[in-house]
Amino acid sequence: MNNLILVKYASEIFLKGLNKNKFERKLKENIRKKLKDIDHEFITDQNRWFIKSEDLDGVIERVKKVFGVKELCLVTQVTGDFNSIKEEGLKKIKESKAKSFKVETNRANKKFPMNSMEVSRAVGGYILSELGDEIEVDIHNPECKLYVEIRGNAYVFTDKDKIKAVGGLPYGMNGSTMVMLSGGIDSPVAAYLMARRGVETHCVYYHSHPYTSERAKDKVKELAKIVGRYTEKITLYVVPFTEIQMDIIEKCREDELTIIMRRFMMRVACELSERKKIQSITTGESIGQVASQTMEGLMVSNDVSDRPVFRPLIAMDKEDIMDIARDIDTYDTSILPYEDCCTIFVPKHPKTKPRVKDMIIAERKLDIEALVNKAIDEMETFIFE
């Protein structure tokens, strides 16, 4: 008998038709990369994936964070004869100390002499005969579910052996995006959600030295590292933004500062994406959350983008965003009290219904191309693996 990890991938991958094999290959590749320094063996048994290793805890901790994996199960492999199956089933139920149980069987090996229902009945009957009054069958609400997978070999486990994974689609299968990463709660969650959909994720942070400290930059670097735990690696571009902000403050009206700064952030992200061959932009904006995130404000920001702009948090409540941030371990870092460029130079009464034509007129006083190119030319690059 061997203890293995059964890897179950997202059911959405089954719906990919002729592309299903590409998604499976990419997912296997990503799993192997995560386990590159852990001795392991990848086993396929009639379209089921299993991982064998002496360090099962280490494997679980890493693979559960691989996008595309929806669940891991710690299973016991037995020979494909009924006696081995029923004995292991009895052992699992005893270990669970449950007072009620149910058996579910998946018989992929059609050469096995019993069908799925017959296996479930026979294993359940054997457990009842051995444990007597200590336990009962409850098919509707059992304390423990016993699972039997019959393939080339047989695999036995319970619902207590299941570990929830992140789900989503294999990272790197759905293009690329540049995330406008701040030090707040929202943008790291947006980065995570895009990566979870298989989008290769890069980040840009706008640093306003000396108005924002090095600790603010370090905070954003830490957030990028945390998001990078779920990806193969992540690149963070730190763009100096002070000169742009000061020029806007000097030449534009106070109530237009926020939206013009947002338009410059979008321009920088687009130009950087063009240089790095990245296909889209992602922001952490949520409709109505702050003054600049009105429908009109978002339209004015989009006006300067030459590529798709994704806002995965657009319809989410703040509490829901915070819950995800806690789940992915970015929350505690995000709430550290260091200001970023979005929280300084904020006007008392920002425009909530800006118009594109007004912004175009206001920006005529600014040398847009020179400001954008200079900021990108002076940026820092950090790669976290």
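Using N, Cα and C of the backbone, Cβ positions are placed for all residues, glycine too.
Per Swiss-Prot, these features apply:
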type: DOMAIN; residues: 57-160; note: domain 'THUMP'
type: BINDING; residues: M180, L181, Y205, Y206, R262, G284, Q293; note: ATP binding site
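Sequence features, as recorded in Swiss-Prot, placed on the structure.
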residue : record           : DSSP (3 states)
M180    : ATP binding site : strand
Y205    : ATP binding site : strand
R262    : ATP binding site : helix
G284    : ATP binding site : coil
Q293    : ATP binding site : helix
Lowest local Cβ density (other Cβ within 10 Å) among binding-site residues: M180, L181: M180
The domain 'THUMP' (57-160) [mean pLDDT, rounded to integer]: 96
The domain 'THUMP' (57-160): DSSP-derived helix, strand, coil residue counts: 43 helix, 32 strand, 29 coil
Maximum Cα-Cα separation (Å), residues M180, L181, Y205, Y206, R262, G284, Q293 listed as binding ATP: 19
